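Per Swiss-Prot, these features apply:
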type	residues	note
BINDING	ARG23, GLU80, LYS120, LYS454	(6S)-5-formyl-5,6,7,8-tetrahydrofolate binding site
DOMAIN	216-377	domain 'TrmE-type G'
BINDING	ASN226, THR245, ILE247, THR250	K(+) binding site
BINDING	226-231, 245-251, 270-273, 335-338, 358-360	GTP binding site
BINDING	SER230, THR251	Mg(2+) binding site
Amino acid sequence: MSDNDTIVAQATPPGRGGVGILRISGLKAREVAETVLGKLPKPRYADYLPFKDADGSVLDQGIALWFPGPNSFTGEDVLELQGHGGPVILDLLLKRILTIPGLRIARPGEFSERAFLNDKLDLAQAEAIADLIDASSEQAARSALNSLQGAFSARVNHLVEALTHLRIYVEAAIDFPDEEIDFLSDGKIEAQLNDVIADLDAVRAEARQGSLLREGMKVVIAGRPNAGKSSLLNALAGREAAIVTDIAGTTRDVLREHIHIDGMPLHIIDTAGLREASDEVERIGIERAWQEIEQADRVLFMVDGTTTDAVDPAEIWPEFIARLPAKLPITVVRNKADITGETLGMSEVNGHALIRLSARTGEGVEVLRNHLKQSMGFDTNMEGGFLARRRHLQALEQAAEHLQQGKAQLLGAWAGELLAEELRLAQQNLSEITGEFTSDDLLGRIFSSFCIGK
């Protein structure tokens, strides 16, 4: 297998459909066109042609599109064959193409990888292709498209350019120490550095929003049996996703619902009631509940308001609170307010949010929805946003740390060499986002998560 091979793959989902597309990219794409179509189509024009087998018989007929490199998606010669979407027809056509020497099936994401390697896309744009396909909401799709069109990359490149100018100024101060003006102490470098830090903070805020849109927030509903966990899941999902009975231990396994609150994706997880298990099945369910709790972004601690007047989670169930991960955010949900007569709404107890509601009637559930949105810092009014991945957030955080350390060197010790090094490292972190500075191992991991025909 070589990166110089001509590659072919089905670009449409497997299964039956009205249209099926095969995509070919590489030096032998021209030969495929001449062999299968009998001619080379006019560049960038749709040509309706028969697709022929080796013996000249017609396998299918459809649209052929020819994109000679470098003016194509991958930067190579690209041929697209758009025929009927039957799996048998597509398989026959694929087998016919693979009889031509030098062709092979593409690896997952290899078309996008070649586009990146041929400078048709930067790495953030290439990742946005997969994110656009996987988008679970309109807002996520729009943000992914913004990233694909270069919105995220433009912000990052602006920061890199600003750091380049700043590094030039700092290096000049280091290389010409005998000048009458002390470049490190004249205030200009500090002002420029503060501007870069402010711009980076703005990008980080948008990236966190973009990460929420892409990854979603994992919220686990946990508590004792019959506290109303499944009723709350149904109320948040807007449908009867979980069976609800008065029998303790009805929920034996983990139930998952994917919902959206004003565009923010949430993974809501209902778990088995936590208690001493009465049988092996319940014990396994409780173990799985704890596994989900340990991986959660937030826990909704469900409390049956008819069983206790306590509002402090440490007082309600100290053993449960003691077992939770130290930094895991908790929201105490006092359920059955329709029975207890408690005032609906949200308050705070010892640093924990407390919400009183009725999962059965739905009263107070909207307060919980708004709380979940606000607790993750999700802004529904942010326009022109972009999607971001965890690696993007890590790179931005590391760049911010280096800039703060560089500022400390500037203000504390006037150490130009150390400041220059911190600026270089920050620039390197930012360049990792667009792929200007990226290891081959990372590229492999990124593109292997793509669809075969992308």
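Just so it is clear, glycine is given a Cβ too, placed from its N, Cα and C backbone atoms.
Locations of recorded Swiss-Prot features on the structure.
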residue: ARG23; record: (6S)-5-formyl-5,6,7,8-tetrahydrofolate binding site; Cβ within 10 Å: 24
residue: GLU80; record: (6S)-5-formyl-5,6,7,8-tetrahydrofolate binding site; Cβ within 10 Å: 21
residue: LYS120; record: (6S)-5-formyl-5,6,7,8-tetrahydrofolate binding site; Cβ within 10 Å: 19
residue: ASN226; record: K(+) binding site; Cβ within 10 Å: 21
residue: LYS229; record: GTP binding site; Cβ within 10 Å: 31
residue: SER230; record: Mg(2+) binding site; Cβ within 10 Å: 24
residue: ALA272; record: GTP binding site; Cβ within 10 Å: 27
residue: LYS336; record: GTP binding site; Cβ within 10 Å: 22
residue: SER358; record: GTP binding site; Cβ within 10 Å: 23
Could you state the CA-to-CA distance between ASN226 (K(+) binding site) and ARG23 ((6S)-5-formyl-5,6,7,8-tetrahydrofolate binding site) to the nearest Å?
55
How big is the Cα-to-Cα gap, in Å, between SER230 (Mg(2+) binding site) and ALA272 (GTP binding site)?
9
Please report the Cα separation of ALA272 (GTP binding site) and GLU80 ((6S)-5-formyl-5,6,7,8-tetrahydrofolate binding site) in Å, rounded to an integer.
51
What's the CA-CA gap between SER358 (GTP binding site) and GLU80 ((6S)-5-formyl-5,6,7,8-tetrahydrofolate binding site) in angstrom, rounded?
56
Reported as an integer number of Å, what is the Cα distance between LYS120 ((6S)-5-formyl-5,6,7,8-tetrahydrofolate binding site) and LYS336 (GTP binding site)?
58
Separation of alpha carbons, ARG23 ((6S)-5-formyl-5,6,7,8-tetrahydrofolate binding site) and LYS229 (GTP binding site) (Å):
49
